[in-house]
Amino acid sequence: MWVAALLLVTLLGTGLVFLSPDRYAGKLAAAISAVPALGSIYMYWVYLTQYGGTGNALLSPADIAFGQQLPWITLGELEVSYYVGLDGISMPLLALTTVLTTLAIVSAWTPIDERQSQFYGLMLFMEVSLIGVFSALDFFLWFVFWEGVLIPMYLLIGIWGGPRRKYAAIKFFVYTNVASLIMFAGLFALVFSTDLTSLSLPAMAEAFRTASGLPTIAGMNLMTISFIMMFFGFAVKVPVFPLHTWLPDAHVEAPTPVSVMLAGVLLKMGTYALLRFNFTMLADTARQLAVPLAIIGVVSVIYGAMLALAQRDLKRIVAYSSISSMGYVILGLVAFTPYGMGGATFQMIAHGLISGLMFMCVGVIYNTTHTRMVGDMSGLADRMPWTVGIFVAAAFGYMGLPLMAGFAGEYFIFQGSFNAPTLGGAAPVLTSLAMFGIVIVAGYLLWAMQRTLFGAFSLETDYEVSPAAFHDVAPLAVLLLLVIALGVAPDLSFAMIQDSISPVLEIGGGA
Amino acid sequence: MAAFTYAPAIVLLPFVSFLVALFAGDRMPKGGALAGITATGGSLLLSIWVALTVAGGDVHNEILYQWTTSVETLQLNFGLLLDPLSALMLLIVCLISFLVHIFSLGYMNDEGETGLPRYYAGLGLFTASMLGFVVANNLLMAFMFFELVGLCSYLLIGFWFRDDGPPSAAKKAFLVTRFGDYFFLIGVVGIFATFGTGLFAPITQGGEVVAESFPMLAEHAIVDGETAGIAMLETVGMGPQQWFTVLGLLVLGGVVGKSAQFPLHTWLPDAMEGPTPVSALIHAATMVAAGVYLVARMYGFYALSPTALAVIALIGGFTALFAATMGLVKQEIKQVLAYSTISQYGYMMLALGSGGYIAAVFHLTTHAVFKALLFLGAGSVIIAMHHNENMWDMGGLKDRMPVTYWTFLAGSLALAGIVPFAGFWSKDEVLYEALIHGFGTEGGLGTAYLIAYAMGLLAVFFTGFYTFRMVYLTFHGDARSDTARDPEPVRWNVKGPLTVLGILATTIGFINMAPVAKLTGAEIDFLHKWLNGPENGGWPAALNTGLHHYEGLLHDVSHVVKGYPLGETPTLLASAGVSLGLALAGVLVARTLYAGADPVEHTDKLGGLKTLLMHNYYQDEYQVWLATGVTYPLARVMNKFDQGVVDGVVNGISSVSLFGGSRIRRIQSGVVSNYATLLTLGLVLLLAAFGIMGGWF
Amino acid sequence: MIPAETYLLLSAAIFCIGLFGILTRRNALIFLMSVELMLNAANINLVAFSLQHGNLTGQVFSLFTMALAAAEVAIGIGIILVLYRNFTDVDVTKATTMRW
């Protein structure tokens, strides 16, 4: 019931905001999005205090929290139902989504000044879809939400974006849609080769795990082929090298609040789906393919970081560093250890908060200076001390400063993958290589900060720079506090993640 | 023990002062300084209480806070380890920090600086982080506070962010130490993966070990062959000693970065862009000490690996000499001190590498005092000189600022190693340990010690020279500029800390007059007793962090043996005599060259060598080249590759689709007859295909 | 009884005549007539098979098709009228504005 209430309130809010006049749209949207945010925080609290030891939603359906299942349609022999519910993996992601949406909406008050009701309406519509993606437990329902995210995102980039918005929006849409198609084909190849009677995710997990006698195509087992196709489909969303090129374009062109959502939540859809489908349903195959997948992750880490080093646009820097950070998640997932997989999930939350924070900081600076280019401005610390203070804190968070969430996530992943049984002798080497990312990330962020924030004040554009408004800084402060809270007490999320990860580790090759 | 119950407050008090200064500093008198002074003062008192309790034979090793609890096989914790080593370090950090806060009243407040809340917040956070690092009972917690210390260093070096120099120096400091910390992090992860714990010392309850420490597990693996539980060895395919050496060297990366050892020393001279009290606190007495302290903290691990010991000794000896030569030609007073800092930490590393655990801790203690004194003295001079740091503009300050002169002189004598000032006793012990272990130890390790000893010994001469060149240029002779003729007076808040430190720099060497103790048989080697503990039982038996245990490991596992080429007492005397003689020679040469009323720059006679030294052996140049000449162009090339090839393929696919579409759409001619023709053709083809496949023909 | 093949041949012949008309003529009205021929070819088929199998469904279907053809002619002639108004001609190859 709780999840349905979240979906319904947000959906009704979407309609309401679409119809409201532009003047009130922003405030109204913030107020409406606060309802699911507070609701999910309450659910989080209930989960934290009452659902200790809840297992994985896909592997032990009896343990699903806030679950609800209603029959929906029948497709041939396949039963499709409205089936939602949460576990320790999706609960933090759901809370991340709702909280980040509210903050992104507040941060949009300053930069968005045309077609406001439509902008905020689309933001809320995206929230509906995202809540659905993280809570749906039926493939059909899940896929509807999964694709539903693309539509508002496409419009948000395409209408409110920068000069090359059409190119970026179409690239984003086509790229991710093609990926979805390949994923869909891969998954349904498996669905049709097993005797499934229901499209619910737990049923699929069960069927794929016990599937035997699958056909072999060109010397490869269908399981492996499907795994690769699904990995490809989800990896585009993450994104990993070399499927990442839509991301910098989309980030640069998207308005800041949309970038926040894109980096903060949309990228996590990819890793969430990887964890649910590839690494839970096809765990055995994932173990077999661990080394090549880990190499992809490590290459993403280093490649993304090196590219961030070459950028001048602050948003591009953060965009490329997102590729780098998400590479860690892949490395953690393939490790199949408590710290590896748990850390990867934790890193999704941590990176969601920190990259959202970074994008918001860049946005606040852009609102006043109207430029994002390193070199066009310097000495901003002189004019906007609190914003710059939070920027510096956020940047250090991104660099993995201890007692902030980023360090916890990265450390867990390193700890988990350093002696991962799936990677064998390559584990320490690959982990050490990935760790070098923390040096490069310090390089480009420190360089960018030195050039833009410090030194004598100067600005290429003709704008008066003054401290940002309270409602611009407040979301930053809230996010920073969350980042620090999770860094000091990672068990706020890590414990429930661990509860839901451990069943995944037990299947297949054992823990 | 009551003292241990309140021990967490030692760390938390400065942290509270950070919060107070940051959020309420601009509404407080003195911009938050009073909060900092109160907090560090409180920490100092608590540290003294802890030290007294430790002196009574009690130690403390306890987990305070569980960072992660959910993975049963490997829990990550925060905990307190209070033993003589950490109690001593707590005293040093609290004392210096307290004095630096007071000094800052004179250096920052009285000079009318803006942004004071930020400054005092930085100092508070730094003190808290450093203290957290000192009391850490496991490697991960140590690493975390190690990084936070780096952050504070960044914030404080870059305090004057409106200028160009400080932000750049801050960036460099963080980046270079981050490079070292990269290896440290691998080491931390590796140690946790190998041993399943990062504890420095075992946790005991009622005499039973409930959680074993990683140095002890390593010892069991090497000495007793208990490698069964260590899965990591199989993964990497190495023997225990080999793999532990790798781990030790990885952790050493962080040490080399933070303690500014070759080749990661380049950040420290640049860090002098920060306010001088910060230089005194961070870049001389405490943060830089963190690296050396870490080696001492996990000495039981390093003592198991002769290779790691040799590397530490050689890095230390080389850095001591290398940095001392660069200090010879510097013109700014703080630059001379910066290179002397690097050089002195080299000595500590030399001592640790060559089995002189006590000597290293001793030198760490004395150096903290006299180097803080010298930096604060330099700060006093800088106030007087209106922030001109060039020694060639000074001269004759002796009569105009006597308190600064006499205390600075005490610090200089200590740095140069002149008897009976603090530095003499500790430096002599460092060199003596290197010498006897070099003669006694067989094979490559002994040779390494002797080479390191030779470099350290040579550096003594240079130290004497550059120290007194600095003293003569600054305080003696005639004033060489108007500001030097009429320097700005300094107040009590500058003189007070200088006096305290001046007295300590003169006397602190007496805590461990090992040579005198050996010669006379008097039991006055207090530091030795402090770190050694009771011979049987007591805290060393519980924690295994006592000197006795380390010496056993050095002797049994790494085969570090004492040897006396001339017999015990003559060797002792000869070693002390040679190092004192060299130091005096350095002082005398400096006096000959620079003591006149109007000294000239004699170093010009060095010619090309001077250029080399002024450019610091082009160390900065090659590191900057690595960053801007290699990494950055590589990134640009990769960017081109990304835009051209990776994105090119994506755009290529879309171009092909678009091009194909634009060609194929021409079928759509608009002429109905053509459509009909196509339809017909399609039908015929379909029929033909079905026919052929259906076998109609 | 006349065998089914004869009807089928007739149907095929009529269909081909219609097809030939569509492919070669340009006048829209002739087009329409050719389409009618093709429809009727299909009708003959339906009726022939209906007779062959003794099943009335085919005849019902052909009635249905005739109704459909009537409707089609009504719309078709409407389109041709509009075509004539816009292009002052009923030559189908002239009206090529609906292309790429």
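Using N, Cα and C of the backbone, Cβ positions are placed for all residues, glycine too.
Automated prediction, rather than curation, is the source of TrEMBL annotations.
Here is what TrEMBL records for this protein:
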type	residues	note
TRANSMEM	B:6-25	transmembrane segment
DOMAIN	B:67-120	domain 'NADH-Ubiquinone oxidoreductase (complex I) chain 5 N-terminal'
TRANSMEM	B:119-136	transmembrane segment
DOMAIN	B:136-435	domain 'NADH:quinone oxidoreductase/Mrp antiporter transmembrane'
TRANSMEM	B:142-161	transmembrane segment
TRANSMEM	B:182-203	transmembrane segment
TRANSMEM	B:242-260	transmembrane segment
TRANSMEM	B:281-302	transmembrane segment
TRANSMEM	B:308-329	transmembrane segment
TRANSMEM	B:336-362	transmembrane segment
TRANSMEM	B:368-385	transmembrane segment
TRANSMEM	B:405-426	transmembrane segment
TRANSMEM	B:446-468	transmembrane segment
TRANSMEM	B:672-696	transmembrane segment
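When Cβ-Cβ distances below 8 Å are used as the criterion, the transmembrane segment (B:119-136) is approached by residues 7, 10-22, 25, 31-33, 35-36, 39-40, 43, 78-82, 86, 89-90, 93-94, 97, 100-101, 104, 108, 113, 142, 145-146, 148-149, 151-153, 155-156, 159, 200, 275, 277-278, 281-282, 286-287, 290, 293 of the same chain, each at least six residues removed from its ends.
DSSP assignment over the domain 'NADH-Ubiquinone oxidoreductase (complex I) chain 5 N-terminal' (B:67-120) gives 31 helix, 9 strand, 14 coil.
Contact between the transmembrane segment (B:142-161) and the transmembrane segment (B:6-25) is not supported, since fewer than 3 Cβ pairs fall under 8 Å when only residues 6 or more apart in sequence are counted. Against the transmembrane segment (B:446-468), stretch B:336-362 has more CB pairs under 8 A than any other of B:182-203, B:242-260, B:336-362, B:368-385, B:672-696.
Of the candidate ranges B:182-203, B:242-260, B:336-362, B:672-696, B:336-362 contributes the most Cβ pairs within a distance under 8 Å of the transmembrane segment (B:368-385). Taking residue pairs at least 6 apart in sequence, the transmembrane segment (B:336-362) and the transmembrane segment (B:242-260) share three or more C-beta contacts under 8 angstroms. Same-chain neighbours of the transmembrane segment (B:672-696): none, counting only residues six or more beyond its ends whose CB sits under 8 Å from a CB of the stretch. Predicted-model confidence for the domain 'NADH-Ubiquinone oxidoreductase (complex I) chain 5 N-terminal' (B:67-120) is 88, expressed as mean pLDDT. Listed as Cβ neighbours of the transmembrane segment (B:6-25) (distance under 8 Å, sequence separation of 6 or more from its ends, same chain) are residues 31-32, 35-36, 38-40, 42-43, 46-47, 49-50, 60, 64, 80, 82, 90, 94, 97, 116-118, 120-122, 124-125, 127-128, 131-132, 135.
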